[in-house]
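A.B. asks: I'd like to ask some things about the structure below.
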Amino acid sequence: MGGHAVPSTKRAGASTPTLSHKTSVVSATDTFASATDGEGYYTDARADLSAYHMDDARSRTSIAAHTIHAHDNNTVLSRSSSNNPAQVEKPIPQERTISSHQPPDVTAGQDTQSTSPTTTTAAGSALPTHRESDKALDLAPAAGTLHRIMRHLAVLGLMAFASIWGTLAREGLVALNTYDGQGVAPLVWAQAVGCLVMGLAVGANRKPIEGRYPPAYVMITTGFCGSVTAFSSWILAVFRAFGNQMHYDRHGLHNVMDALTQTGVTLGMAIAATAAGIALSSVLNVERVFSLARRGAPSGKAVSTGRTLGMDAAAAVLGLVFWIGAAVLCALYAPFRNVTFSLVLAPPGAVLRWYLSRLNTHALAKRTALPLGTLAANLLATAVIAAAFTASRVGSTPSSFSGGRTACQALQGLEDGFCGCLSTISTFAVELRTLSPRRAVRYAVVSWVAGVLICVLLIGAPWWAIGMDGRCVGLTY
């Protein structure tokens with residue numbers, strides 16, 4: 001008996017490298033796009049990966065951990081001791097695992113291909129063969145693929161949902177602070193509110209939110225805060241201040257001071273609001289809301305795949321419904337098109353920024369010590385908003401646009417919706433806090449100078465050659 005137990009032990013351990021390999025793949029994927037708040041780069045890609053793989057890693061690990069055993073009426077063989085191969089573990093309740101994905105044709109009573117005597121349980125079931133174990137383990141990637149797809153769709157849906165509300169919040173704050181004799185630019189308030197909420201999310205509230213439902217963190221930070229704040233609109237306002245496009249009665253030096261004032265106030269309010277949000281996160285902490293539920297939940301209980309997939313499906317449908325609703329409202333009700341065009345174009349901008357954030361962990365980003373994803377999104381949005389601004393205003397005399405009022409509203413929606421959500425100040429402010437002082441100054445200067453130069457090329461050249469008093473003047477601001 002003792003001589004035959006050794007081959008059985010070796011055969012049982014043969015499947016271990018396969019399990020270790022699958023688990024290591026998940027772990028390596030989870031560490032992609034690593035970033036920290038307050039200690040290194042903050043990137044939206046970090047939230048992206050936690051949203052993709054957090055639950056998926058748990059589900060695939062739990063699947064592999066239980067399907068490599070031989071089952072017979074909910075009884076599992078133990079591999080912990082090679083001296084007692086007939087030892088039986090306690091039955092594992094089916095609702096506590098995700099092993100329902102085990103194929104029905106994998107049974108415990110099939111004969112093995114080995115010449116050594118078959119090790120059986122007290123009930124007479126045999127250890128699984130290599131073919132059975134491999135077949136059971138092959139189901140883990142299939143379940144993980146479905147989970148990743150649904151999680152990806154959930155993040156996209158919540159991004160669309162949050163970007164619509166973020167755009168509405170920005171437009172409302174700008175309208176609320178637009179009046180005669182205003183002390184600061186109306187957009188400053190939107191930047192401050194977005195950065196304050198961002199600070200609340202990335203501070204002490206990050207772990208509770210991600211632990212409860214990872215896509216919710218992406219929705220709040222990347223979706224809502226990134227859409228409330230707008231780097232491109234800020235750079236456009238700075239350039240217009242440099243050129244005195246509002247035709248104020250002042251000299252060139254006053255134009256420079258106005259542009260520098262908007263720059264300093266916006267950066268100062270953004271960084272201060274982010275710091276205030278992080279400080280307030282210890283007071284306004286969602287951990288207290290979840291504490292009772294956490295104490296009541298078993299610590300070792302795995303997440304139900306069906307429940308997670310249901311939440312992901314609901315999140316994806318939520319964003320799609322709001323996006324379609326905004327498009328229908330834009331098509332059927334013309335008086336609201338100055339706002340609804342922005343709502344329709346907001347989700348594509350936010351989603352594109354989310355994808356570009358993966359460049360923050362590119363090898364070139366590490367060598368240059370710059371968050372290239374955020375920088376690319378901000379500068380791309382600046383180029384698009386400058387082109388749309390020129391298309392809607394270029395001309396020596398006021399004249400009607402060939403596309404009429406609807407075309408002017410669509411261009412304004414492109415500026416406020418797509419460009420406003422593609423660029424962000426909230427992530428920009430968090431990155432400035434996490435970088436070293438020298439790198440933070442370099443990052444801020446590169447972003448600001450590059451943005452202004454883009455405006456000089458796309459707005460300044462046509463403005464000085466032709467003029468900016470035509471087309472949509474009177475319909476835009």
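Every residue gets a Cβ built from N, Cα and C, even glycine.
TrEMBL entries are annotated by machine, without manual review.
Features from TrEMBL:
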| type | residues | note |
| --- | --- | --- |
| REGION | 1-24 | region 'Disordered' |
| COMPBIAS | 15-24 | compositional bias 'Polar residues' |
| REGION | 71-134 | region 'Disordered' |
| COMPBIAS | 73-86 | compositional bias 'Polar residues' |
| COMPBIAS | 112-128 | compositional bias 'Low complexity' |
| TRANSMEM | 149-168 | transmembrane segment |
| TRANSMEM | 188-204 | transmembrane segment |
| TRANSMEM | 216-239 | transmembrane segment |
| TRANSMEM | 259-286 | transmembrane segment |
| TRANSMEM | 313-334 | transmembrane segment |
| TRANSMEM | 340-356 | transmembrane segment |
| TRANSMEM | 368-391 | transmembrane segment |
| TRANSMEM | 445-466 | transmembrane segment |
A.B. asks: Can you see whether the transmembrane segment (216-239) and the transmembrane segment (313-334) are touching - at least 3 CB pairs under 8 angstroms, only pairs 6 or more apart in sequence?
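C.D. replies: As far as Cβ distances go (cut-off 8 Å, pairs 6 or more apart), the transmembrane segment (216-239) and the transmembrane segment (313-334) do not touch.
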A.B. asks: Hey, which of 149-168, 340-356, 368-391, 445-466 has the most Cβ-Cβ pairs under 8 Å against the transmembrane segment (313-334)?
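C.D. replies: Against the transmembrane segment (313-334), the leading stretch is 149-168.
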A.B. asks: Take the transmembrane segment (149-168) and find every residue of the same chain, 6 or more past its ends, with a Cβ under 8 Å from one of its Cβ atoms.
C.D. replies: 48, 51-53, 55-56, 194, 214-216, 218-220, 222-228, 308-309, 311-313, 315-320, 322-323, 326, 339, 342-343, 346-347, 349-351, 354, 416-417, 420-421
